[in-house]
Amino acid sequence: MKMKLTSLLLKFPEIKLKSFPSGKNPDSIEIEYIQSDSRKTNKNDIFCVADSIGSKKKEFISNAKASLILLRTDSNVLNDLLEVMNSSKIFLECEIDPEQLQGRIASFLLGHPSKDLDIVAVTGTNGKTSLTNILFSLAKDQGINCGLIGTIGVKFGDRVIDTGYTTPDASSLNLILKEMKEEGITTVFMEASSHGLKLGRMNGISVRAGVFTNLTQDHLDFHSDMEDYFESKFRLFEILDFSKSTFAVLDYSAPNGSKLYHKILNRFPDLLIYALDDIYRKWKISDISLNLQGTSYVLGLPGNQERKISTNLLGSFNVRNTALAFLTGIGIGLDLEKMSNSLEKIPQIPGRFQIIYSKDRSRMAVVDYAHTPDALENIIRSVRDSQPKCLITLFGCGGDRDRTKRPKMARIAEELSDQVILTSDNPRTEKPETILDEIQTGFSSGFIPLLREVDRAKAIVEGISCLPEGGCLLVAGKGHEEYQIIGKEKRHFSDVEEVQKAFGLF
């Protein structure tokens with residue numbers, strides 16, 4: 001909906017009018033929307049100039065069609081811009097990073113679409129995509145019109161949209177939620193990344209439930225340290241909409257699970273918490289059985305009840321994912337028996353423990369998104385549970401990202417695999433050979449990888465050719481991705497396709 005500039009300034013007193021073209025009346029200015037991408041702006045929009053834009057502020061403001069510009073109060077930057085910019089621009093200022101206000105403004109301009117939706121947001125280092133996809137399947141099977149927002153894209157109705165982000169920017173996110181509401185969606189399962197939470201992309205979103213999977217090392221190129229990373233994840237529980245039947249779900253036994261549990265309890269003592277394997281043992285997992293046909297376990301329920309859970313999803317980590325999904329389903333009112341039945345036939349989640357067999361099924365490959373030390377360890381151990389005669393782990397590490405995890409992942413691969421192949425992930429602007437050098441520092445003295453090949457396609461072919469009968473090649477790091485970033489170029493690349501070609505499947 002359109003709004004007068006004066007009305008917006010009254011609604012958001014933290015925004016001040018810095019510069020206004022002479023001859024115009026502020027009350028005559030109508031605002032349609034707010035965008036942080038200058039290319040998406042229209043004349044009556046606000047261009048939100050995020051701090052992260054850095055030195056390109058002038059360039060992006062010049063290219064923006066928006067007549068209103070919102071940026072952080074900084075007299076030097078503002079005065080410099082006012083001297084060189086077209087005087088027809090209206091400059092607004094605030095004391096904080098404008099990106100922190102963007103979500104609240106976007107939600108307000110669209111009539112708060114999230115208020116009419118049950119939004120379940122999942123955060124954690126690993127498991128977000130799997131868990132949201134499992135929840136989407138469980139709810140859909142019970143006739144709920146639901147939507148999905150995450151790493152693999154946005155899904156609702158017959159629509160699938162690739163946003164390129166785990167958590168879209170605040171303006172895009174609110175537009176997506178508005179479309180979902182208009183399409184009759186009632187429940188949304190979304191991934192809440194630490195980047196998205198710290199940058200305020202979910203500010204202004206009405207979240208009913210927050211789910212936490214785990215917290216292990218990742219993104220230390222973005223977060224100053226693990227405590228900053230933890231606090232960014234905790235932010236999800238600070239933005240819960242307590243006007244709804246709000247609740248939290250977490251894995252108490254997961255890394256940083258107990259820490260989060262007690263912090264939530266201290267800050268929000270009245271918040272309902274479903275804690276898997278908590279200190280009161282209300283939701284305890286036992287009798288786990290793992291094989292290539294599926295996974296089963298017993299989930300303890302309050303009142304000394306138990307429920308046998310069986311699922312086609314593979315790997316010990318999917319024990320935790322499905323159990324967390326079950327608890328979340330209880331929170332949103334799903335039928336227990338129907339959930340149990342649905343878990344037996346969850347659709348394959350792209351790039352998550354995705355098995356590809358050779359034509360004669362004598363060898364296999366597993367494609368998985370694991371790109372953190374914890375995720376790599378979990379997937380290798382899960383593949384080990386299938387007892388392959390030989391396990392070769394192929395992986396690399398992303399360029400321009402947290403470098404400290406590189407030797408740690410090498411150590412894990414060496415200790416848990418029979419052979420290791422080093423290759424490129426998304427090298428971005430780093431030299432691929434330099435990345436591999438840094439990974440190799442984590443190997444023990446004298447350990448030599450089976451192969452070191454920066455060309456990922458060639459590495460996969462070589463890995464498949466080295467597999468003995470009964471062997472398995474784990475291709476870790478990219479999972480569902482259908483691209484590879486080399487330099488600043490994004491090229492088509494799919495681990496699944498490369499494995500299929502190497503097996504001669506097409």
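Including glycine, each Cβ sits where the backbone N, Cα and C put it.
The ATP binding site annotation in Swiss-Prot covers Gly124, Thr125, Asn126, Gly127, Lys128, Thr129, Ser130. The Cβ of Gly124 (ATP binding site) has Val211, Phe212, Thr213, Asn214, Leu215, Lys233, Ala254 as same-chain neighbours under 8 Å, each 6 or more residues away in sequence. According to DSSP, Gly124 (ATP binding site) sits in a coil region rather than a helix or strand.
Summarising the annotation, Swiss-Prot assigns meso-2,6-diaminopimelate binding site to Arg401, Asp425, Asn426, Pro427, Arg428, Gly477, Glu481 and lists sequence analysis as the type of evidence. Around Glu481 (meso-2,6-diaminopimelate binding site), the same-chain residues at least 6 positions away in sequence with a Cβ under 8 Å from its Cβ are Gly351, Tyr369, Phe493, Ser494, Asp495.
The secondary structure of Lys233 (N6-carboxylysine), as reduced to three states from DSSP, is helical. The annotation N6-carboxylysine is assigned in Swiss-Prot to Lys233 on the grounds of sequence analysis.
Residues or ranges marked as motif 'Meso-diaminopimelate recognition motif' by Swiss-Prot: 425-428. Within its own chain, the motif 'Meso-diaminopimelate recognition motif' (425-428) is flanked in space by residues 371, 395-401, 435, 454, 456, 477-478, 484-488, which lie at least six positions past its ends and keep a Cβ under 8 Å from the stretch.
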Query: Which three-state DSSP class does Glu481 (meso-2,6-diaminopimelate binding site) fall into?
result: coil
- request: Identify which of the binding-site residues Gly127, Pro427 has its Cβ surrounded by the largest number of other Cβ atoms within 10 Å, counting every protein chain shown.
  value: Gly127
Task: For the recorded meso-2,6-diaminopimelate site, whose residues are Arg401, Asp425, Asn426, Pro427, Arg428, Gly477, Glu481, find every other residue on that chain with a C-beta no more than 8 angstroms from the centre of their C-beta atoms, and list them by sequence position.
output: His371, Gly396, Cys397, Gly398, Gly399, Ser424, Lys478, Gln484, Ile485
- request: Run through the Cβ atoms and count how many others sit within 10 Å of the one on Thr129 (ATP binding site).
  value: 23
Task: Using C-alpha atoms only, work out the spacing between Gly127 (ATP binding site) and Asp425 (meso-2,6-diaminopimelate binding site) and round it to an integer in Å.
output: 20
Message: Cα-Cα, whole number of Å: Thr125 (ATP binding site) versus Asn426 (meso-2,6-diaminopimelate binding site)?
response: 19
- request: Specify the secondary structure state of Arg428 (meso-2,6-diaminopimelate binding site) as given by DSSP, simplified to three classes.
  value: strand
